[in-house]
Amino acid sequence: NSGALLWPLIWGLLLIGTQALDKEAQLRDKVFENYNINVRPARTPDQRVVVQVGMTLAHVISVSEKDEELKTKVYLEMAWNDQRLSWDPKQYGGIESLRISSSQVWTPDIVLMNNNDGNFNFALQVDVLVSPNGNVTWHPPGLYVSSCSIEVQYYPFDWQNCSMVFRSYTYGADEVTLVHPKDANGKEVTQAVIFPNTFEENGQWVIRHRSSRKNSSPNDPLYEDITFYLVIQRKPLFYIVNVIVPCILITILAIFVFYLPPDAGEKMTLSIFALLTLTVFLLLLADKVPETSLGVPIIVNYLIFTMTLVTFSVIFSVVVLNLHHRSPNTHHMPQWVKQIFIHYLPKYLCIRRPKPETPLPVAPPPRQVTSTRHADEYFIRRPENDFFLPKQERYHADPFSRDMKWFLEGPSLGLVLPRDLQSAVTAIRYLAQQLQEQEDYDTLKEDWQYVAMVVDRLFLWTFIAFTSLGTLSIFLDANFNLPPDTPFP
């Protein structure tokens with residue numbers, strides 16, 4: 001008995017479904033009767049077809065600075081009215097919508113005019129949705145590669161205004177007019193729509209503006225487009241970690257070149273190593289930035305600034321080494337060099353030279369030596385210095401040395417010596433002269449080395465000052481490069 005009751009119910013449902021299919025088939029036959037997809041859905045030839053153009057942004061895939069192009073994944077939203085596709089739902093079983101292949105109905109052929117790959121087709125030809133009043137909505141997805149003029153001045157602390165221009169490829173403004181879509185409250189939607197649940201964030205860029213505007217040309221009344229302005233700002237963390245921080249560390253190495261003693265022999269090696277490393281970084285960046293002469297990226301400016309400083313560090317190191325290895329045999333030290341680099345600058349550069357030797361103690365008054373002078377006697381002049389005395393005895397001379405000194409430094413103009421002492425005195429005077437010359441040589445050579453150390457320290461502080469001020473000025477300038485309040489140019 002239960003089976004006998006179920007069969008009529010099943011047959012009734014099948015009959016209703018068959019009738020519904022028949023109604024939809026009848027509706028399709030009705031709307032496509034005498035339908036021509038090549039004819040605009042206008043009642044009169046001079047009537048313009050109003051097409052609403054909107055866009056849902058799904059993903060900013062990439063921005064190629066080298067090729068100056070923006071790759072995005074979007075859903076283009078188009079809506080218009082085609083009275084030829086209207087029907088009365090009551091006559092067709094209450095059907096409120098109809099899905100039709102886009103190839104079977106008229107479409108406004110809206111395309112991305114500034115595409116960069118020559119592909120004007122959509123990624124997928126989805127069906128259009130038709131309402132009983134003839135309203136047609138179409139949301140085809142697309143992977144667009146649009147041209148984007150890259151402003152490289154503040155790269156990588158930059159923002160870019162990449163526009164996407166949509167217009168009808170074959171129809172002018174007198175046949176098809178483009179307008180912004182409207183929301184449920186009837187208000188125009190003048191920006192690209194983003195659904196947070198489906199939008200994919202980009203790891204390198206963040207969207208700041210996504211407004212749209214209808215543009216027309218006063219010189220061409222048939223021109224009309226809807227342009228979406230995507231203002232995107234770069235996230236510079238990658239470049240800070242991989243480029244800027246290494247450059248700063250290399251600059252610090254170049255600073256320590258001036259702290260390295262010239263005798264170490266590695267000043268030039270370290271300077272040239274830093275210069276070559278910065279050159280490699282510059283070559284790596286050359287593959288990233290666009291080949292344009294309209295501007296120089298700020299990161300390239302910083303690299304050039306750093307390379308200039310490192311180049312000067314090489315030059316300054318050569319100067320320091322040249323000063324360090326000078327000697328009295330090759331160079332004479334001018335008085336102004338002594339005054340500036342030995343007596344004046346060191347106290348301002350935090351350099352203190354070891355204390356000089358303590359001066360000799362004052363000797364007691366010389367003894368009076370009297371003797372009888374003859375015409376044929378040998379006379380010698382009083383020595384002008386005491387360098388014939390041993391150096392260790394300068395401060396504590398023994399009595400014999402003092403007696404000899406008093407004997408030689410008597411008040412008389414000359415002393416009569418026996419002939420057997422003439423050769424001994426001559427040898428002593430020769431030794432004293434040689435010791436004096438050697439001490440003068442060593443003193444002047446040490447003065448040149450001290451001048452080299454002072455110049456090295458001067459270059460160190462100068463390099464630190466220029467590096468700090470230059471780095472701060474460059475990156476503070478980039479810090480003020482903020483996206484505009486309005487995206488429209």
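Going from the start of the chain as shown, residues are counted 1 onward.
Each residue, glycine too, has its Cβ placed from N, Cα and C.
These figures come from a predicted structure and were not determined experimentally.
The following features are taken from Swiss-Prot:
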- 1-20: signal peptide (SIGNAL)
- 21-235: topological domain 'Extracellular' (TOPO_DOM)
- Asn135: N-linked glycosylation site (CARBOHYD)
- Cys148-Cys162: disulfide bond (DISULFID)
- Asn161: N-linked glycosylation site (CARBOHYD)
- 236-260: transmembrane segment (TRANSMEM)
- 268-286: transmembrane segment (TRANSMEM)
- 302-323: transmembrane segment (TRANSMEM)
- 324-457: topological domain 'Cytoplasmic' (TOPO_DOM)
- 458-476: transmembrane segment (TRANSMEM)
_Cα-Cα distance linking Asn135 (N-linked glycosylation site) and Cys148 (disulfide bond), given in Å to the nearest integer_ = 34
*Quick one: pull the CA-CA distance for Cys162 (disulfide bond) versus Asn135 (N-linked glycosylation site), whole Å only.*
32
_Cys148 (disulfide bond) - helix vs strand vs coil (DSSP)_ = coil
*For Asn135 (N-linked glycosylation site), which residues in the same chain are close in space, meaning a Cβ under 8 Å from its Cβ, but six or more apart along the sequence?*
Ala79, Trp80, Asn81
*Cβ-Cβ neighbours of Cys162 (disulfide bond) (radius 10 Å)*: 23
*Of all the recorded positions given, Cys148, Asn161, which has the fewest Cβ neighbours within 10 Å once its own Cβ is left out?*
Asn161
*asked:* Suppose you look only at the topological domain 'Extracellular' (21-235); what would the mean pLDDT be?
replied: 90
